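S.K.: Just lifted these from Swiss-Prot, have a look:
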type	residues	note
ACT_SITE	Glu259	active site, proton donor
BINDING	His65, Cys97, Cys100	Zn(2+) 1 binding site
BINDING	His257, Cys288, Cys291	Zn(2+) 2 binding site
DOMAIN	29-138	domain 'CMP/dCMP-type deaminase 1'
DOMAIN	214-328	domain 'CMP/dCMP-type deaminase 2'
MOD_RES	Thr32	phosphothreonine
MOD_RES	Thr218	phosphothreonine
REGION	209-336	region 'Necessary for homooligomerization'
Amino acid sequence: MTPQFRNTVERMYRDTFSYNFNNRPILSRRNTVWLCYEVKTKDPSRPPLDAKIFRGQVYSELKYHPEMRFFHWFSKWRKLHRDQEYEVTWYISWSPCTKCTRNVATFLAEDPKVTLTIFVARLYYFWDQDYQEALRSLCQKRDGPRATMKIMNYDEFQHCWSKFVYSQRELFEPWNNLPKYYMLLHIMLGEILRHSMDPPTFTSNFNNEHWVRGRHETYLCYEVERLHNDTWVLLNQRRGFLCNQAPHKHGFLEGRHAELCFLDVIPFWKLDLHQDYRVTCFTSWSPCFSCAQEMAKFISNKKHVSLCIFAARIYDDQGRCQEGLRTLAEAGAKISIMTYSEFKHCWDTFVYHQGCPFQPWDGLEEHSQALSGRLQAILQNQGN
């Protein structure tokens, strides 16, 4: 049966927004897709030219999907405004399906004066490899304009609440676990799109000098291997990087350490219980006491997963942090200090280096050797 939706609406009810834009990664019975859009010129001083809502059903004919409804409207509207360059922003409850994703890419290729930013509350069929490839084709800028896709964070939810909801001047109240779900989806989208770190971020945060100032973030690069015929085989789709969520970042009041964000995402990989896996992490700081405890619990409960950690620096190697590292090692994790080999591997694998080779900084090997000795003393419970 053809969905009976009006072409556009200007606002939705509060319960409708909270129900359909809930960002829990896996949700059932959310078959209506809501697409809130804004169209602006390239002049940032000018207000949006149009801002409304399309909606459609996930399982209906393609022409009834909200993405296609938008392009049907926009194409006709665009004929009257051919000379202008436009920035289109979508806030959408589900990321576009495979066919819509390909149609979006085609549209943008045919109209280079339009740029599209897509903020999604949830990822649609993120485990499907064909869908992942469609998203990469849409978002990776190889031969022309493409879309930028991001996960909605608190700021985007707040914006939609103010712009597209009958809020009656009530403030947006986030649901439980909104920050955690955001980080999970952010990591998964990064895996799919194969995001890379920019070179200054890597060299600044992974510098292994003994005393560094202003390095308050922890970056964690990871890769996963599966044992096959006594050989470790790299799983390219399970590779990425993340950093800790600092308090108040992206509008979230509470922070979350990088290691805990990483542990949150592993269950969504659905690793086969009958296969053996090796997870390798390259971190700018070794885990704090609490994170080390949680990682130790994880590998103690997941006998088919082994964990290797290479740290650029040792975090607060006094007291409980030392105890945490020992607990983690006793649980079976292999903890080491990054050497030139690991720094180069991270540069080659996780950094958008554009063909530039890794250039070690002064003192890299000396710092690495000193930190390795210090780590061994900690793990062997030797005195300071």
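Every residue gets a Cβ built from N, Cα and C, even glycine.
Map these features onto the structure and tell me what's around them.
M.R.: For the recorded site, Glu259 (active site, proton donor), the DSSP three-state label reads helix. The Cβ of Glu259 (active site, proton donor) has Thr218, Leu220, Cys281, Thr283, Pro287, Cys291, Ala292, Glu294, Met295 as same-chain neighbours under 8 Å, each 6 or more residues away in sequence.
Around Cys97 (Zn(2+) 1 binding site), the same-chain residues six or more apart in sequence whose CB sits under 8 Å from its CB are Val58, His65, Tyr124, Tyr125, Tyr131, listed in sequence order.
Of all Cβ atoms in the protein chains displayed, 20 besides its own lie within 10 Å of the Cβ of His257 (Zn(2+) 2 binding site).
Taken as a whole, the domain 'CMP/dCMP-type deaminase 1' (29-138) shows an average pLDDT of 85 in this prediction.
According to DSSP, Thr32 (phosphothreonine) sits within a strand segment.
According to DSSP, Thr218 (phosphothreonine) is assigned to coil rather than to any helix or strand.
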S.K.: So which of the modified residues is most packed in, judged by how many other Cβ atoms lie within 10 Å of its Cβ, out of Thr32, Thr218?
M.R.: Thr218
S.K.: Per DSSP, what is the helix/strand/coil residue tally across the region 'Necessary for homooligomerization' (209-336)?
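M.R.: For the region 'Necessary for homooligomerization' (209-336), the helix, strand and coil counts are 39 helix, 42 strand, 47 coil.
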S.K.: Does Cys288 (Zn(2+) 2 binding site) have same-chain partners at least 6 apart in sequence with Cβ under 8 Å from its own Cβ, and which are they?
M.R.: His257, Tyr315, Asp316, Cys321, Gly324
S.K.: To the nearest whole angstrom, state the Cα distance for the pair Thr32 (phosphothreonine) and Cys100 (Zn(2+) 1 binding site).
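M.R.: Cys100 (Zn(2+) 1 binding site) has its Cα 15 Å from the Cα of Thr32 (phosphothreonine).
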S.K.: Beyond His65, Cys97, Cys100, what residues of that chain have CB atoms within 8 A of the centre of the Zn(2+) 1 site's CB atoms?
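M.R.: Those within range, site residues removed, are Val33, Val58, Leu62, Pro66, Glu67, Met68, Pro96, Thr98, Lys99, Thr101, Asn103.
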